[in-house]
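J.: This is the structure I have questions about; it appears just below.
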Number of protein chains: 2
Amino acid sequence: MNSPIHEPAPLQPGTLRVTPIGGLGEIGRNMTVYEFGGKLLVVDCGVLFPEEHQPGVDLILPDFSPIRDRLDDILGVVLTHGHEDHIGAVPYLLRLRQDIPLIGSNLTLALVEAKLKEHRITPYTLTVAEGDEERFGPFSLEFIAVNHSIPDALAVAIKTEAGVVLHTGDFKMDQLPLDDRITDLRAFARLGEAGVDLFLPDSTNADVPGFTAPERAIGPVLEAVIQKARRRVIVASFSSHVHRVQQVLDAAHANGRRVAFMGRSMVRNMGIAADLGYLRVPDGVLIDQKKADDLPDNKIVYMSTGSQGEPMAVLARMANLEHKIEVGRGDTVILASSLIPGNENAVYRVINGLMKLGATVVHKGNAKVHVSGHASAGELLYCYNILRPKNVLPVHGEHRHLVANAELAMQTGVPEENIILGEDGVVIDLRDGVATVVGQLDLGYVYVDGSTVGEITDADLKDRRILAEEGFISIFVAIDPQTGRVIVGPEIQSRGFAEDEAVFDAVKPQIVKALTEAAENGTRDTHAFTQVIRRTVGRWVNTQHRRRPMIVPVVIEA
Amino acid sequence: MNSPIHEPAPLQPGTLRVTPIGGLGEIGRNMTVYEFGGKLLVVDCGVLFPEEHQPGVDLILPDFSPIRDRLDDILGVVLTHGHEDHIGAVPYLLRLRQDIPLIGSNLTLALVEAKLKEHRITPYTLTVAEGDEERFGPFSLEFIAVNHSIPDALAVAIKTEAGVVLHTGDFKMDQLPLDDRITDLRAFARLGEAGVDLFLPDSTNADVPGFTAPERAIGPVLEAVIQKARRRVIVASFSSHVHRVQQVLDAAHANGRRVAFMGRSMVRNMGIAADLGYLRVPDGVLIDQKKADDLPDNKIVYMSTGSQGEPMAVLARMANLEHKIEVGRGDTVILASSLIPGNENAVYRVINGLMKLGATVVHKGNAKVHVSGHASAGELLYCYNILRPKNVLPVHGEHRHLVANAELAMQTGVPEENIILGEDGVVIDLRDGVATVVGQLDLGYVYVDGSTVGEITDADLKDRRILAEEGFISIFVAIDPQTGRVIVGPEIQSRGFAEDEAVFDAVKPQIVKALTEAAENGTRDTHAFTQVIRRTVGRWVNTQHRRRPMIVPVVIEA
């Protein structure tokens, strides 16, 4: 692994080229480019959320460089489902070429259209459903129902002269889902019997033994918790998890409570889901939040966002008493959600805060209020055995997930040499049932920060990490370059270093002395004077404080 | 909760005052002050490790302010065991008064002495063992064996005229521990029959149902993994976990492998543990790391630190190929450790890195290679039923853990009004079997950063967080205050904001214009000119970039 970078040779006729440019080595920014006969088909176009070593970054996009010069060759973008890690980067792709057709299910397209509206883009769309077959140039697509933690998810079989590829998108195999729409194993079987040349399965839960519990198991737990609740109930979950919200609505209704949606994305997405018939709202159960506040405490359920401890979301604001709904003794808060790695401290801070206010907090650590949206190892084994794919490229996971998925493939008899453990930018050519790694592109992370895309670099993030760890000291002087005499300054500013600016009084004479000496020794240029200040202050701060703040000298010749 | 700050009334004769100044609301910096008859006894003096919202902080100390003016009244510091969260702040306390006696078990004192040596402090110590009784002024102490994830841990019963307090320190109730030294429930029973007026139990695992699995269960798993390993084995764990290391030594020995300790703290602590007889080293099993590299790959086990993904520790450096031991295909890495919340991303980065190099990685997520050191709910119930304490103050935990422990106390019949849910600085008076909250001190976090203690404030950390999120822009100008005319500058520097400094060319004329206008409107003082720059640059950066970097203007009158 850690493949050396090498550009692939030009694509030969009759060969399908597969290039995942996101989602291999990370959970997020899923995007795969398929090329045949000079035409491109993209599957998914998602974002990745930053980790703590990427401070201030809003989103991370796939690196579009492999397709940037070939935008006109793109026949369409298939969106497997409506989660951010599969659709979040669409606005940034459409900024490059606005009329790329988007292909997806009814709900998926409704969610991406709502997102694009905020970016003032009206996309070209083609709505498809399970069972549909569509032809785009050399690509024949067959769409297959899969079950996931958002309704209306689709796998896509991509058929070209070079063979058949099955791209699952995210999925699990809940056998009794709320909407009775199961992952279509009959279609998988039919494809398998005809021959699947390359299989790209979801790896998220490949290292989890057994089977993902059914979503339906949560309903009775929610109902029991709500029944026991003495005062208000606040449920936090993901704003796209229609079936989870459905179960909250049903549990509230069964207990004679009404439900108010809170948080912009929750209100928006559930409006879409209800309009399109994915969310069945029991008569009269919904109530506007403003009116909800007038109901007796034991007649209301607030359905909110913020289950990951996001500081600006409803739940964290409640925990900090910064929200008009003042949580107190007797209230019950349910976090009906996963705990995404990296969010633990933030989530526990929210839980501790709510408990200090007197609330009872129910979460996946103490009750069965969450199940995953991804197939566990047991389910993936079913898939491999039904499909018997010739080649496998595990996708959608960190390296450890991809390895676990590869091991499952091997256990079902896929030869090790037919399993590709790749990373973003791996280039795979498929022809005559043989999949070969033919290149490794050099792709980077593209950071969105505020309205800027790609302006913030890894160097900036390194600076930010240093600033975060140690703060900075900036030193301004205007000097006479001939004598090194300081005419204005040294003026010292610092942030994140020490409260008391008087601490710098000790170093100012040292700076003046060092500059004069440097000039006496023949130094004349500004950059060299800058280095003198950097060394002087650096040495002082290290010996006096054992610290390494960023040192930012500014020298002006006067 | 979130008790209002109020100073307690002066302590009355015959009353015991209990003031936890760390460990309530956090896992770390455990420290409790007991006062009777004008004299103080301290139990534990630990550090807290910073979270991601405290960037650059090395350690967090308890706020010593309640005892700072009463150092001469301290009769001694009882250290229940040798973990950092119980002994790590001792050097900082002894800097205030070097001859405060330290009281603890053989191993605990050896570890704290090694730590103090680095601070060039030789402490006064009194070694105690289970069964010992010692009198310090008005305090009679009885030491009781408890089992934990470090050997030689002690609970302490503190007896005064005001009643009997049992302070457990960290403990669990492994019934078949490696050293056969079990938590002494006979002593608990004896105390319980005589009457325990206040019980301060470890809350860490109070929200974990059932019983903590025995340490002994790990040995066979380690042995099987090492037996299956084809090439090198690297085990990472905590450098004070003597029994875990013991099991690694035994498993290596059983498989004909030798063991090399790696990492400064691992080498140091295991040296101490072996010298004192807590670690039994099978004949000839240990080998110096330099010589180990000459052994065949299947004859060596490296025992290292870095199980929490610490970037500078051995394991992370191996994962990044920055260590001279180059991990490769066929090597096996075992993380025989917990995953402390907040460390997930760092640990998974290390795991992914090692797997990319071809190593097999075994960790608590895929094998039984770790058990906790703390009593689960089931064990705590035993304690409550054996002790039947009159009053309970759950300690050692975040609020959610304290609440869980309080609920266990209630389930065993402790009246709710006799259970105190406190936070750091709560002041409790005990007399005639009645425990009363009499005050709440206003205590802060004391940050250690480099060689500075308490210089970094929460305001500095807020600055650091802003710098981390957005970087900074500093603007220097020298102006004529009469006309607002810019004589030198504007000179603009930024870090963490944008790579290209040319971006600021647009705002420089705006700054010059704004300053001139301000002077025309009568502005004369430097501070007001500073505000003009801040507003101008802030507005520009917000409208042009939708960002909010820290803006640091410097105005000098020339």
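For all residues, glycine too, the Cβ spot is worked out from N, Cα and C.
Reproduced below are the annotations present in TrEMBL:
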- A:28-222: domain 'Metallo-beta-lactamase' (DOMAIN)
- A:GLY56, A:ASP58, A:ASP449: Ca(2+) binding site (BINDING)
- A:HIS81, A:HIS83, A:ASP85, A:HIS86, A:HIS148, A:ASP170, A:HIS396: Zn(2+) binding site (BINDING)
- A:ASP202: active site, proton donor (ACT_SITE)
- A:SER239, A:SER240, A:HIS241, A:HIS370, A:VAL371, A:SER372, A:GLY373, A:HIS374: substrate binding site (BINDING)
- A:HIS374: active site, proton acceptor (ACT_SITE)
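Buried or exposed, and what's around them? Tell me for each listed feature.
T.: The Cβ of A:ASP58 (Ca(2+) binding site) lies under 8 Å from the Cβ of A:PRO50, A:TYR447, A:VAL448, A:ASP449, A:GLY450, each on the same chain and at least six residues away in sequence.
Residues within less than 8 Å, Cβ to Cβ, of A:HIS86 (Zn(2+) binding site) and separated from it by at least 6 positions along the same chain comprise A:ASN30, A:ASP44, A:CYS45, A:GLY46, A:LEU79, A:THR80, A:GLY169, A:ASP170.
Within the same chain, residues at least six positions away from A:ASP202 (active site, proton donor) with a Cβ under 8 Å of its Cβ are A:THR168, A:GLY169, A:ASP170, A:PHE171, A:HIS374, A:ALA375, A:VAL395, A:HIS396, A:GLY397.
Annotation for A:SER240 (substrate binding site): same-chain Cβ neighbours under 8 Å, separated by at least 6 residues, are A:GLY82, A:HIS83, A:LEU111, A:ILE150, A:SER265, A:ASN269.
Every protein chain considered, the tally of other Cβ atoms within 10 Å of the Cβ of A:HIS374 (substrate binding site) stands at 23.
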J.: Which whole-number value in Å describes the distance between the Cα atoms of A:VAL371 (substrate binding site) and A:HIS81 (Zn(2+) binding site)?
T.: 18
J.: So which of these binding-site residues, A:GLY56, A:ASP58, A:ASP85, A:HIS396, get their C-beta under 8 angstroms from chain B?
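T.: Among the binding-site residues A:GLY56, A:ASP58, A:ASP85, A:HIS396, the ones whose Cβ sits under 8 Å from a Cβ of chain B are A:GLY56.
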J.: Compare the C-alpha of A:HIS148 (Zn(2+) binding site) with the C-alpha of each of the binding-site residues A:SER239, A:HIS241, A:HIS370, and give the closest one.
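T.: If we rank A:SER239, A:HIS241, A:HIS370 by Cα distance to A:HIS148 (Zn(2+) binding site), first place goes to A:HIS241.
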J.: Near the Zn(2+) site, what residues other than A:HIS81, A:HIS83, A:ASP85, A:HIS86, A:HIS148, A:ASP170, A:HIS396 in the same chain have a C-beta no further than 8 Å from the centroid of the listed C-beta atoms?
T.: A:ASN30, A:ASP44, A:GLY46, A:THR80, A:ILE150, A:ALA153, A:GLY169, A:ASP202, A:GLY373
J.: Count the other Cβ atoms sitting within 10 Å of the Cβ of A:SER372 (substrate binding site), across every protein chain shown.
T.: 15
J.: If you count, for each of the binding-site residues A:ASP85, A:ASP449, the other Cβ atoms lying within 10 Å of its Cβ, which residue has the minimum?
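T.: Each of the binding-site residues A:ASP85, A:ASP449 was scored by Cβ atoms within 10 Å; lowest is A:ASP85.
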J.: Between A:HIS81 (Zn(2+) binding site) and A:HIS370 (substrate binding site), find the distance joining the two CA atoms and give it rounded to the nearest Å.
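T.: Spelling it out, the Cα of A:HIS81 (Zn(2+) binding site) and the Cα of A:HIS370 (substrate binding site) are 20 Å apart.
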J.: What is the one among the binding-site residues A:HIS83, A:HIS148, A:HIS241, A:HIS370, A:HIS396 whose Cβ has the most other Cβ atoms less than or equal to 10 Å away?
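T.: The most densely surrounded of these binding-site residues is A:HIS396.
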J.: At the level of the C-alpha atoms, what whole-angstrom distance separates A:GLY56 (Ca(2+) binding site) and A:HIS241 (substrate binding site)?
T.: 27
